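Visitor: My questions all concern the structure below.
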């Protein structure tokens, strides 16, 4: 009579025969058979019979994260290359050389540790005789390095650290032109990206450096803070977020609307209420899904990405929304992101081999480098936790502030957006005339156009995200204030009077191109509103209607500005 063990072996052999697999000989020990069966059980098959990946590893996640970070870096450096000379270059509106000199005087007249602590930038150590070349060199180096990471999907700590240092060097001398919250967010995201990578190796999937769970969780903690910061500042800020009416105004009054903004603005009132409620749910409730297990964490990631895509479609918020997608990607493991990779060959096949060997206990023993790496990862976690204390205190405070850094390197920051929503859109429009006397009757004032912000009533709103026109954004802010609070506006007027090519390159239309220079420039303050679908203005192809509020700054001529420029140590513009 056969024993139960023999019956089990017979059943196992029959099962393997039906599968078409080789039989395990009786000479194999029970331990070998159990190990083989364990390997078999660890393999999961999808509906097509292909072996699927195990959950809980982040090799593919690392590749996706690195490429996403590199893409944002590339856009940011491209913006810097195209605009830095005009904004902070030798002949820029607010030259960074003057800023560095003022910092040097403030810290005692020496370029040392105090100067670096106050303004971390490699520009301190470069030749200041050609600052334009320095700025271009930094931007081009950043574009080159980030494009390599973007295309190859691989990097090391040296490369990611260099990108972080290069962008830090620009942001810290960028002054008001780099005062936006997404600059700190990119620096924090880029800093976390350094610790995703091995120190030296450029292998896409280095066996000796598996992605650290601590590193993955730092990205998840980032998206939690971003969304909670944005949600809490809204609830504590403008009343319209509480009575669900903010979206009645947002699309029309946001900094740089796009064509979709026009149609979103004219959505039914109930849709705007639904949007506001959805915003509160996504920003205040969904982030907590991160801590509720794998599936709920992925739900958080998916909802955050969809939310950011909706914002990208409906407005030109620079690379902010694209950047916010990056930490959301850390909510997904290899099994969830496998669909982004080819089934045969490449990273996916390599990962399958790694997982199979790991399941069989064939992982290499920890080396000295791997042990050091673990110490580095733990240190990163401790550092982020320590620097998060003031950030969490700010989130809990009734006096919450948004887009603030609590350390000079901007490693952990507090974020937020649209804590208040403007109910009316105002714009500053530059106008020039060739008339010698601007007060005489029949004076013709001709308007300058910016690259993207609203101006001409029949010009279709632009679609530029993730690109960023920095001057256009600052003009939106200046419309809420006076020209005395934004003296660079008068410098722009003086440059336009001289047909200065540096400033004109930041403009979309120069009405005096190919003609003599204007004699007078003035700034007019208008209230803008979208035309209503079906209205007479809309039928005439107009996107906007506007009403004059009054003068923003009075008519000025070049000679009259001489003393103004001299009192502020601005170079007096020469006519071309």
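In case you wondered, yes, glycine gets a Cβ from its N, Cα and C as well.
Not my notes, these are from TrEMBL:
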type     : residues : note
COMPBIAS : 1-13     : compositional bias 'Low complexity'
REGION   : 1-41     : region 'Disordered'
COMPBIAS : 28-41    : compositional bias 'Basic and acidic residues'
TRANSMEM : 59-81    : transmembrane segment
TRANSMEM : 107-126  : transmembrane segment
TRANSMEM : 138-166  : transmembrane segment
DOMAIN   : 178-338  : domain 'Lipase maturation factor 1/2 N-terminal'
TRANSMEM : 186-202  : transmembrane segment
TRANSMEM : 214-233  : transmembrane segment
TRANSMEM : 375-396  : transmembrane segment
DOMAIN   : 411-554  : domain 'Lipase maturation factor 1/2 C-terminal'
Visitor: Report, as numbers and ranges, which residues of the same chain sit near the transmembrane segment (138-166): CB under 8 Å and 6 or more residues beyond its ends.
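Guide: Contacts with the transmembrane segment (138-166): 63, 66-67, 69-71, 73-74, 76-78, 80-81, 84, 122-123, 187, 190-191, 193-204, 347.
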Visitor: Looking only at the domain 'Lipase maturation factor 1/2 C-terminal' (411-554), what are its DSSP counts of helix, strand and coil residues?
Guide: 30 helix, 40 strand, 74 coil
Visitor: Could you tell me what the rest of the chain brings near the transmembrane segment (59-81), counting residues at least six beyond its ends with Cβ under 8 Å?
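Guide: Residues 135-136, 138-140, 142-143, 145-150, 153-155, 160, 163, 166-167, 170, 186, 189-190, 193, 196-197, 204-205, 210-211, 216, 219, 319, 322-323, 325-326, 329-330, 332-334, 337-338, 340-341, 347-348, 351, 354, 466-468, 470.
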Visitor: Across the domain 'Lipase maturation factor 1/2 C-terminal' (411-554), what does the pLDDT come to on average, as a whole number?
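Guide: A mean pLDDT of 95 is what the model gives the domain 'Lipase maturation factor 1/2 C-terminal' (411-554).
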